[in-house]
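Okay, so here's the structure we're looking at.
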Amino acid sequence: MKVLAIESTCDETAAAVVENCGEGVKILNSVVASSVLMHQKYGGIVPEVAAREQIKSIIPVITESVGEDKDSIQGVAVSFGPGLMGSLLVGVESAKALSWAWKKPLYSVNHMAAHVFANWIVEDKNTEVPMFPAVGLVVSGGHTDLVLMKNTKEWEWVGGTRDDAVGEAFDKAARLLGLPYPGGPEISKAVERVTVQMKERFGSKFKLPRPLFNEDSLDMSFSGLKAAISKIVTTLGSVDEKTRDVLAWEFSEAVIEILIKKTMLAVERYKPKSVLMAGGVAANKQLRENLKMAVEGVGEVKFFCPELRYCGDNAAMVGAAAIIAPREVKPVNLKPDPSVTTV
Ligand SMILES: Nc1ncnc2c1ncn2[C@@H]1O[C@H](COP(=O)(O)OP(=O)(O)OP(=O)(O)O)[C@@H](O)[C@H]1O
Ligand SMILES: [Mg+2]
């Protein structure tokens, strides 16, 4: 089945054409327009600006994705939430209109599930896809969840953050350190600048807490880390570049240690065949490498993580979700839902 997928939950306007391939989904094209740079001067996303940019980009992005291929498209998929209402409306109404005009089925996709289904994107029919049961670690700008996937549609929420999402924590910590928005990639760059000598010299001076680390639960908490950074910055008065980078490194270490500890606790409890990571924060190099090592250290468990370009918001993952776990809906019944949960 060939599907046109649309994504407009936040500040990315995206469209993709995908089709099934072996046990996974092949991407025929994936177009993404982002308004992230427009939000930089505000240090975060401004919903009204994001919605206006969605309106400007949606038709050019869909037109580029569909190209001359319109007649071969067999269905239209769209993320209906969670996200920002103004942004969601643009993608959902466009998808409904196309489904109606082309007389093709419409598939509703939960944006968080779509992040997870990015792990079913394959190069060719021989590429391995995740096996069930699977533990999913969803780490994005607005969510931090651990889910137990029994199959493509039966999921159980088993843990996650009690307060800030991990991407939000990266963004807030970066802001406190004077680094631009979005903070995740900036903190990663700062981590790369930290030398072994800097770690030895300053590391212990700025040790941050690891909230809930030793508790036998899959709960996580990241807001205390942000508060700890704020306290250090206030005490120091001003932060030079080296201190900033060391603090960014220590923050990143703390977050990654918590995520790995809790994911491995879920692995111990649920004995999955695969562990899947997904969401914008899954682009973090240290997290990808360290979690892969930890998971693959446990017997037969396989680790999956999408290619970097499919970690942040994109429509290819929406198409993957519609093909692997289709949920057909009548256009008249589909409404955006800004606060739908991951499971
Ligand atoms: N290398 C990285 N390290 C850590 N965080 C990163 C990295 N790259 C991106 N991020 C973070 O990923 C987040 C964006 O991810 P994503 O696009 O999945 O979130 P969102 O769509 O805004 O939220 P949600 O998917 O929860 O609705 C931002 O918080 C950003 O800082
Ligand atoms: Mg997202």
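Cβ atoms are placed via backbone N, Cα and C, with glycine included.
TrEMBL labels come from automatic prediction, so no person has curated them.
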Per TrEMBL, Val138, Val139, Ser140, Gly141, Gly142, Asp171, Asn284 bind substrate; matching candidate in Gly184, Gly297, Gly299: Gly184
Over the domain 'Gcp-like' (26-319), what is the model's average pLDDT? 96
Which binding-site residues (His111, His115, Asp313) fall within 10 Å of Val138 (substrate binding site) by Cα distance? His115
Note: among binding-site residues Asp171, Asp313, least Cβ-dense neighbourhood at 10 Å is Asp171
Determine, to the nearest whole angstrom, how far the Cα atom of His111 (Fe cation binding site) is from the Cα atom of Gly184 (substrate binding site). 20
With the Cβ under 6 Å from ligand 1 as the test, give me the qualifying entries from the binding-site residues Val138, Val139, Gly141, Gly142. Gly141, Gly142
